[in-house]
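Below is one structure, written out as structure tokens, with a few remarks after it.
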Amino acid sequence: CTVIFTRLATRDLHKPISILFCNLAVSDLFTSFSGFWISLLFITNPDITIFGSQDMLAPYALYTTSILSTIYNLVSIGIERYLAVAESMRTRFRVARNHSIAVVFVSWVLAFFLGCLPLMGWNCLHAERNISVLYSPFCVNYLVLVTMPNVVVAFLVPLFTYLRIIIILRKRKLRMQACGQATGTYKSAETQVARTSISIWLLALVSYAPFLAGVIFDATNRRCHTDLYPGVYVFRNCTAMLITITCLGNPLLYTLKLRALGARLKAPRCPRGCAV
């Protein structure tokens, strides 16, 4: 919410990357809300979160949609940063505001379509043979189809884009060194991008790898719910907490700078032209 407020209250929203940052915050907000909804269902009736019921379809669908939207946003931000850095090198394509709006629209449409497939009938409420043990009443084949390619994309695309950014910045620094010019700016940018990209990739790895492992276990497991209780469900809850940590980590990595956060929050109160 702080990210959304600061982005809307300042003039940065006209930048393409700010639209993606704001949309990422919205996706994280939906993830937190759907996770809270599932937690309330667990508190009121724990059995339906283990054995599954009609009541779990809507919160699980919203949870899946928000996670997919977050993944697509992370990938879009990595690609936008790469295009912005590589613009003066080899490409003439410039990311405009309309492009970011189109990416946001397409990502939400795709996320809603894939996330709401169980609500459209692809569930195992009446077919227990293919039912998921961890996320009943979802079907195992649905989880595999949605999870595998998207998690792989979340790992590989940011890794490639940020590595390419670091390589481009290093080439520019070496070129300026050969011309006898100062390279402090490029060295600082390279260090900052390297630290941020490593943090982003590690956060995605820590957050989504256990979830992927749980889906793989779900697909290969043939035991019933009671045989796996409670250990496997403790693991499921831990994966959900790791995804929530991602929602907390994304604003810190992408948007909120602790030193500048106070100034951004005070900026809307100041009249035009005043010093902050």
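First residue shown is number 1, and so on along the chain.
Positions of Cβ are set from backbone N, Cα and C atoms, glycine also.
Lifted from TrEMBL, the feature list:
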DOMAIN    1-254  domain 'G-protein coupled receptors family 1 profile'
TRANSMEM  17-40  transmembrane segment
TRANSMEM  60-79  transmembrane segment
TRANSMEM  100-122  transmembrane segment
TRANSMEM  142-167  transmembrane segment
TRANSMEM  198-217  transmembrane segment
TRANSMEM  233-256  transmembrane segment
The transmembrane segment (100-122) versus listed stretches 17-40, 142-167, 233-256: most Cβ pairs under 8 Å:
17-40
Restricting to the domain 'G-protein coupled receptors family 1 profile' (1-254), report the mean pLDDT as a whole number.
80
Grab the same-chain neighbours of the transmembrane segment (142-167) for me: Cβ-Cβ under 8 Å, and only residues 6 or more beyond its ends, written as numbers and ranges.
64, 68, 71, 74-75, 78-79, 81-82, 85-86, 114-115, 117-118, 122-123, 132, 135, 190, 193-194, 196-197, 200-201, 204-205, 208-209, 211-212, 215, 218-219
